[in-house]
């Protein structure tokens, strides 16, 4: 072989290896996306009762109220399904022709009946399944075109991924543990009759308006296969008894009432486990949420997917984010969190609090094999795949602990699952929950289980990366309190209560006395779960300390164990390990305004990027630990310390912070806040940075839809940001935004930028030292209004998008001028804004820290688009711009780049346009924290009751008296232990073999590379010698 041929062969080999790696990566990225469209059903309302009654009794309740008011245009919607033969706790009320006022009167009348718990709109849900192969190419499954489904089981080079073998389910099968006797209900798209993979389908029921029980989508069949297939692609519990509930049509449409009827029937049938491979952002569909609690109270174990909206934080779906449901995320077969897996805290508690760890556990959900719609297997990815994995495991666990069946409940099963889970390296609690599912370890734990109380998380260690974001920033004296929401799991009984108050025991040997601790908690622990919020701060004694502080919280819970009349008290401890640092300087401290952020639900808060039509709602809460997580990481890496403001502006000390950062606010502002901020900036040296978003009432009306319940058009309650409210806030500084919606790519110096649905400046101070920067943008608003048919769709407009302003007391507006709002809320009493300002609010919070020296006035910086900081649909990040603006706001330093781009002189010449008005049809007043209380403002600041530390006196642990276990329990445990030992040895051997293989490959590569270089060198020398010989 010649040297040249040798080089070609080596190159071909490496090219083949690279191609194989690329192909494998492409295949592994296939995943299922589920998006939802949720609407209210025209003229239909769910009437929820406190108890369950037969249909004629329920109708008599409604009839008694409406006939008394002489209301005749109503009827009860008949529901012809199996649940109709049993008592129910709801009816569907249909109201015929009526205007919005009459409908509201009818609903109030029905709600007044003492047997009625609530009256809410009937919900319509349409689910859209799609499978993405890469970031730029996707297709949606259509039942009329089955070839569109991602049936890639015949692809060459793709290794079979059997979940049952990866979780070592065969170990339990050999011991006779196969899911026998466990009733598993699957709420999905149905199952084909006599499917060859299933040997124990007990019942198929249809809750939709279709006639067929069969699965026309294939999603329900796949889910059932992961749980209980007995052929080809084996499920985890092949002998489990399947109860198929078809709650989605072949068009993937469902209604809340269908789920409620099916849930009630599941309670009557006494199913043990329900799998819900569904989810969505609406955690305020109260009938659905309440029914999930009732299912749990009836000892039904609920398993649900976390959602496929990753890798963005704050994307957990309901009901997987409920504490009494097992929420499941996805990993690949190489134990890495799947990119699509939803993550982050729950957003129910925002903006006034902090979210919970709604994600409980992760397991395989990428390229998993399951049953196809009629026969054979297919491969799918998504958290809706991971959910049935856990449901199948739950069935195995329950069948393997038949001698302890009375001890298996939603909490005890969750306890053994999370305690048996393995923590994954390099992932935090909000990404992996309590870790990777381990079937055999959980089986061990359940076989030796004794009822107990436990906590999620079991400890608060702020020094561990697993506890990000708590580990990302140490606490210090003067910082806002950190909040951790702890879930209480009661494995003893469905109901319990907290006895007394939690106790705080500081570890005096480890500086625990430097911590301040406060708690709030649910006194009643029901069903099976409760909660405790822990507030952590540093006291004055610790203001100069740097290091670790420790202590523990102790909680006592009283329960009534099953089968006894004697209550039992359990004591559970929560250890705390907290990082503390001395207070950083003011110019390194940022206060993030969370109080003025709103999200869906409950209101129609539209998307910030109008181009993203597939994600119409702003539902990720706009928190630094949700969709602005990457911005937070950037700021921390730059050395800044960020606190989160969960209350009005009158509640913080401006002398503690260099900058108040206001990003994408949708909320209104109290008059006291507007006046306080002006005071903070001019007299306390606080700087303000605003990143706004689009606002245009015509565009808002264009993205409306008709709600036949109220016979009105439902339009967004505000724009991407509440620009009229922002203009009121910034009026004392002569700054205002307009309603031009700009979009386009441009450059700031060498930095490529993208303006995604942003607003523009209308007015700005005209001082010589100030900076106004403009650029050429498309009129996206006009394009939307005209559906892209505008003749000027491609023409750009030069508009101002950013401004930097150094405030000066000499140019401060007069009192009379600055306290008049630009735009009062339409259709509301304007007097609600004419409220006196009580300066004692400031006196108590600020003047105690006032210094004798004069403070420099603060600075204002504004930019019209926040999408470049929002990870949700970011095109181009602008973290560099944020850092540049922060340098100006903190240190009064203007970068040469921005100085060179300054166009304030040309901005002076532009014509001033009218300011945008609030939209009169907005429902913001129904859920706004400001508008609801503006006549009687609740400006009480967060006042926590700090606990007094006490010494630790551990109560003697009292074990529950349980019957001795009969049968072969210990033999089963011994067999599992033996198999676990073999698996561990095998894994260690595989790791060692892989390590050796990697070394061999590296050595071979180096030898090959050396020989290649040597041969090339010899050829070069030979060629040079020949050349000289010829010469």
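Placement of Cβ uses the backbone N, Cα and C atoms for every residue, glycine included.
Remember, TrEMBL labels are computer predictions, not curated facts.
Summarising the annotation, TrEMBL assigns signal peptide to 1-15. Taken from TrEMBL, the feature domain 'Membrane-bound transcription factor site-1 protease-like N-terminal' applies to 41-123. Taken from TrEMBL, the feature domain 'Peptidase S8/S53' covers 179-435. TrEMBL lists 188, 219, 384 with the feature active site, charge relay system. Taken from TrEMBL, the feature domain 'MBTPS1 third' covers 456-583. As annotated by TrEMBL, domain 'MBTPS1 fourth' applies to 584-808, 855-898. Residues annotated as transmembrane segment in TrEMBL: 999-1021.
Listed by sequence, the residues of this chain that lie at least six past the ends of the domain 'MBTPS1 fourth' (855-898) yet keep a Cβ under 8 A from its Cβ atoms are 312-313, 587-588, 590, 607-609, 611-612, 615, 620, 622, 627-631, 634-635, 638, 640, 658-659, 663-664, 680-694, 720-721, 730, 733, 735, 737, 742, 748-749, 751-761, 771, 773, 801-809. All protein chains considered, the CB of residue 188 (active site, charge relay system) has 25 other CB atoms within 10 Å. In terms of DSSP secondary structure, the domain 'MBTPS1 third' (456-583) contains 15 helix, 65 strand, 48 coil. On the 0 to 100 pLDDT scale, the model's mean across the domain 'Peptidase S8/S53' (179-435) is 94. Shown for the domain 'MBTPS1 fourth' (855-898): DSSP residue counts in helix, strand and coil, namely 16 helix, 5 strand, 23 coil.
Counting every protein chain shown, the number of other Cβ atoms lying within 10 Å of the Cβ of residue 384 (active site, charge relay system) is 30. Cα of residue 188 (active site, charge relay system) to Cα of residue 219 (active site, charge relay system): a span of 7 Å. Each residue contributes its Cα atom, and for residue 384 (active site, charge relay system) and residue 219 (active site, charge relay system) those atoms are 9 Å apart.
Within the domain 'Membrane-bound transcription factor site-1 protease-like N-terminal' (41-123), the DSSP-based counts of helix, strand and coil residues read 30 helix, 32 strand, 21 coil.
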